[in-house]
């Protein structure tokens, strides 16, 4: 009985260590995505983290203003943003900053003139 318990524990530990990779994440990487980095570059600021495991709670280690720091993660909707073939003549303000700013299944996507809410690409 004791050998079976140890064997079962070993199998569970082995499978559990592979779960992040099975879900497309590296070991220690937290769920969610980094918010867009729209800030100006602050070159003299040192990185505050190198990976998600160095950040408290649900925060993620993300590039913000050209250095890494722990920031609140954002959730991402299914689907990918469509490609934008246009060129912008006069940049406009962002109409969204994250997927949660968009209604329904729409995603906050980068475009030639800024971010806006769009239906995800098909295929």
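Numbering starts at 1 and runs along the chain as it is shown here.
In case you wondered, yes, glycine gets a Cβ from its N, Cα and C as well.
Copied over from Swiss-Prot:
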| type | residues | note |
| --- | --- | --- |
| SIGNAL | 1-24 | signal peptide |
| DOMAIN | 27-73 | domain 'WAP 1' |
| DISULFID | 34-62 | disulfide bond |
| DISULFID | 41-66 | disulfide bond |
| DISULFID | 49-61 | disulfide bond |
| DISULFID | 55-70 | disulfide bond |
| DOMAIN | 74-121 | domain 'WAP 2' |
| DISULFID | 81-109 | disulfide bond |
| DISULFID | 88-113 | disulfide bond |
| DISULFID | 96-108 | disulfide bond |
| DISULFID | 102-117 | disulfide bond |
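Inclusion criterion for the disulfide-bonded residues 81, 96, 102: a C-alpha placed within 10 angstroms of the C-alpha of residue 70 (disulfide bond); this criterion is met by none of them. Residue pair residue 102 (disulfide bond) / residue 49 (disulfide bond) shows a Cα separation of 30 Å. Note: the CA-CA distance between residue 109 (disulfide bond) and residue 41 (disulfide bond) rounds to 22 Å.
The DSSP breakdown of the domain 'WAP 1' (27-73) into helical (H, G, I), extended (E, B) and coil residues amounts to 3 helix, 11 strand, 33 coil. Using residue 81 (disulfide bond) as the reference Cα, a 10 A cut-off selects 108 from the disulfide-bonded residues 41, 49, 55, 88, 108, 113.
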